[in-house]
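To start, the structure under review is shown below, and the notes come after it.
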Amino acid sequence: MVKFIVLVGLLALSFCVAMAADHSPLQDFCVAQSNSQVRLNGLACKNPSMVQASDFSFSGLHLSGNTSNAVGSKVTPVATTQIPGLNTLGISLVRIDYAPWGINPPHTHPRATEILTVVEGSLEVGFVTSNPDNRLISKILHKGDVFVFPIGLIHYQRNVGKGNAMAIAGLSSQNPGVITIANAVFGSEPAISSDILVKAFQVGKNVVSSIQSKF
């Protein structure tokens, strides 16, 4: 009887672990139907008989992004919005353009690991490990170099070359999400109490107020 109870417990545990993982596709494809009112973890499927080659393609990644902004970079996504056929396939892509000394500021992808390839220029890249070490792992990359940012960790890129730079990155989710640290902390709506940020960053209230005003 004890063995039976242990066996049942192990089976229940394995079932819970299996349920916690992302499901693999159960059909050839599930092209996203963007106008569907059905709410689920992903997007509803288009009728397979209505699927066209255009549902699996995107044009325009050869075009440079506009980097004339405060951080000097532009991310061009290729996800289910751009390619409906990516739905349920667990992958997406971005092009990142950088002006000289432009940055892709510290951010995280809560649902994806990122693998980045430098196509043009030179980039300083890095990520920070979790508490308690908070170790910065960084490297200078050149054309053709590849770097991986583990899922959920804060990471960044900076153009350290003399001209513009460009990279292509793959992400292990159709909807990786992005949390830009400065925007989230100082630009939330409603704002995080300045008293909390003063203690968290160990700076004066005037410094916090000044930063919040920029967001």
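Each residue's number is its place along the chain shown, starting with 1.
Backbone N, Cα and C define each Cβ position, glycine as well.
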When you check TrEMBL, which of CYS16, CYS30 turns out to share a disulphide bond with CYS45?
CYS30
Cα-Cα distance linking CYS30 (disulfide bond) and HIS109 (oxalate binding site), given in Å to the nearest integer
24
At the level of the C-alpha atoms, what whole-angstrom distance separates HIS155 (Mn(2+) binding site) and GLU114 (oxalate binding site)?
10
Secondary structure of the domain 'Cupin type-1' (68-209) by DSSP, residue by residue, totals 22 helix, 56 strand, 64 coil
